[in-house]
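Here TrEMBL flags 17, 75 as Ca(2+) binding site. Positions annotated as Fe cation binding site by TrEMBL: 360, 365, 540, 662. Annotation comment: TrEMBL describes 2-114 as domain 'PLAT'. Sequence annotations record features per position, and here TrEMBL assigns domain 'Lipoxygenase' to 114-662. Look at TrEMBL and you will find 99 tagged as site 'Essential for stabilizing binding to COTL1'.
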């Protein structure tokens, strides 16, 4: 016989509580005790109970709970349950952090992380197996488009498991903000249909109020070659630039450009020649918007890195050469200003396409979804890697379902205003998916492969390496707590199943591109987990946060082009204006860039999640060290930025969200 003190914590959101009665069981090494319907978790953050138990339960293994509905069932969000009593050696902690629905029995294991190997008496074996069996029924792989990685099953947010849905504060902010921007777009956008853009300055009509300082700088300096080149290093899409190892075969230099060839070869020899190749866009079918044909190009840009760190364009080729056709026109900085500006504008529009589809949607959102679904299907809540990763999946599934159903769906935003909409965007995603490599998701490898490791003016590169290093050390310390040898990694069946689920199933057989199908050592495991966390946090942040800065001034990132690429250098400002989006298209682009690019009021910064999935002190100490390292890196970047003409903040830990939520 003994007395147990039980504390029950309810979520903080408005609708987290429930008026339904909850039945509790305590399950220990020596028995189980039904405590009856002793809890009514109305909206009080923490409830404390005391109960007498006539049976000695020993060390507590599980708390079971079941919500009983009366006339109406109200879901309850349970954060955790803590129990102190005979055999608990202090207070036993049982993390939950999920909705309790219906009347099924939910089992909460004590929060000490355990692999299969850490459970020699198989006390949790049945629980692990049953939990995964039930999860696989709820977290099912879906299908979106042929040739793409797999999403969660479900066409709308209502099809998702309740635990993957937005909580009220996020849902309210998202819904109200979206309703406001759609109302503004409807009111102002209808007038745009009767107004046309006659001068470049007319795009000021849609330049957002409350603009960022960098957006203002872009508007004033978007014609400058230095700012054009800077964006490949530190703009919204820093993933395309690479150091040239030879002159691209597609670059056809006519005899009269022998001087240019000599200059390019000189830069090549000194290692200062770089390229941005948009060949992924070659042959993509362009959109037709309101019965008007749109256009897509596949540019190649050759740039030189100056000793002062500036990256300056040397030549632009807007289309690859075609058999039986004259060589494509090459545009140079020495060309007439309007011709050179139009060529650069075409590059910026092409970058908009690859940024949004390849770098942002695919490499950020969709890969994070694969990792999250595979984790829910393969790792039980007791597993240390589950506990390590779960905070980095918050809201990812719902935001991705919303993207597929509103942005890149039939009649979605891409179809309405983007030149690669109405099917072209799917073609691009399929091509980009076929080229996904494991190394490209790991900044040390990716930057080395692209020849950017020693480029000091690549602030993205510097910060990505430093943030990767902080995450890597965090992961290594966590892994060392639970895996004492390489053999422990190889012998973990749940871990191996998780790895296969990501590579073979979610990524549709990506092992031929370097993704592992098994984990053979602690070092390999740490590298893989670091990739997972960086993808869900830093990788997404680096391609998400710059949108408002770089695309608010429409000519710097046009969502579409309405005239074909120029084939001569006889260009006027009118030719540029006529090529750019209409005022209505521009306002739609600005509206959604502003909505999606704004700082989220319910944002959780990297490493700052409040959920405590580990009850053991070791992981908690490692998380605290991680937070301290993140704070130190944040301060270093702040000091560095104070001395820069153009601060780079997209990978400041305080600006990086803990998961893909927008």
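For all residues, glycine too, the Cβ spot is worked out from N, Cα and C.
Where the annotation comes from TrEMBL, it is an automatic prediction and has not been curated.
For residue 662 (Fe cation binding site), the Cβ neighbour count at a 10 Å cut-off comes to 21, with all displayed protein chains included. Taking the Cα of residue 17 (Ca(2+) binding site) as the reference point, the closest of the recorded positions 99, 540, 662 is 99. Counting every protein chain shown, the Cβ of residue 17 (Ca(2+) binding site) has 20 other Cβ atoms within 10 Å. Cβ proximity to the Fe cation site centre (mean Cβ of 360, 365, 540, 662, cutoff 8 Å) flags the following additional same-chain residues: 361, 364, 368, 399, 543, 544, 660. The Cβ of residue 99 (site 'Essential for stabilizing binding to COTL1') lies under 8 Å from the Cβ of 75, 76, 77, 78, 162, 163, each of which sits 6+ residues away along the same chain. All protein chains shown were included, and the count of other CB atoms within 10 Å of the CB of residue 75 (Ca(2+) binding site) stands at 16. For the domain 'PLAT' (2-114), the model's average pLDDT works out to 91. Non-local neighbourhood of residue 365 (Fe cation binding site): 396, 399, 400, 403, 540, 660, each in the same chain, at least six residues away, with C-beta under 8 Å from its C-beta. The Cβ of residue 360 (Fe cation binding site) lies under 8 Å from the Cβ of 237, 540, 543, 544, each of these being in the same chain and 6 or more residues away along the sequence.
With a 10 A radius on its CB, residue 540 (Fe cation binding site) counts 25 other CB atoms from all the protein chains.
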